[in-house]
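> Could you have a look at this structure, given as structure tokens, before my questions?
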Amino acid sequence: MIARIIPNLFTMGNLFLGVIAMLLAFRDEPIYLSYAAIMVIIGMVLDGLDGRLARMLNAQSDFGKELDSLSDIVTFGVAPALIMYVVILQDMGWIGILLTGLFPICGALRLARFNSAVGGNTGYFVGLPITAAGGVLATLALYHQAFSSVYLVLSMLGLSYLMISNIKYPNFKKVGIPRSAYWVTPLIMVIVGVVAVRFPSQFPMIVFIPLVLYALYGVKKNVDRMVRKRRCEKTEEEVINS
């Protein structure tokens, strides 16, 4: 019984961190934006572990799946959007409000499509996962002094589109944790927590780099597939016409 509860505790921890991230984002001191982004990042760690723990403990359930999706909408949809709202969108009036709402809506659509899919290839995701999109947005907001508001808004729109697109992304969630390596879970959490506490300003900005590379990787692979397809079609036309 306890084993079946453990993965859900991680999921609820993810949800709790999403709520904390939203509260921190509205604090006056700039450092709290970094703390808010760190909450989202730690939520990503918990989100990556709950499913693995469920499989390791043979505790998978429809209840856990639905709870995970609801938590993801809060932590990786609403919280990052509110962080961006505090940074730049609150000065844009109704446009800022609409943009703030658009991101979690696209995330919810992405999750609904994922949950309703039957079978399929588990080696990849269709559309940028909301976990990655939310992580990119929350950490990107910390670069608001380096990039213009136009760039940040376009990036937010781009991430929203990628979530509901048909672009394929690698699925690392299927990489399981062996029972003999159960100790890895608390170790990962401790390492992330210590680094985040030690370097609260730099840590989320560094995490931004691999997250944005993951988002761009899917775009690049999709462009490569389109180019290859056009080349094949062009070659076929040349063969037919020759």
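Positions of Cβ are set from backbone N, Cα and C atoms, glycine also.
Pulled these features from TrEMBL for this protein:
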TRANSMEM  7-26  transmembrane segment
TRANSMEM  32-49  transmembrane segment
TRANSMEM  70-88  transmembrane segment
TRANSMEM  94-112  transmembrane segment
TRANSMEM  124-143  transmembrane segment
TRANSMEM  149-169  transmembrane segment
TRANSMEM  181-197  transmembrane segment
TRANSMEM  203-219  transmembrane segment
> Under a criterion of three or more Cβ pairs within a distance under 8 Å and sequence separation of at least 6, are the transmembrane segment (70-88) and the transmembrane segment (149-169) in contact?
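Between the transmembrane segment (70-88) and the transmembrane segment (149-169), contact is present.
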> Top stretch among 7-26, 32-49, 124-143, 149-169, 203-219 for CB pairs under 8 A with the transmembrane segment (94-112)?
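Selected stretch: 149-169, with the most Cβ pairs under 8 Å.
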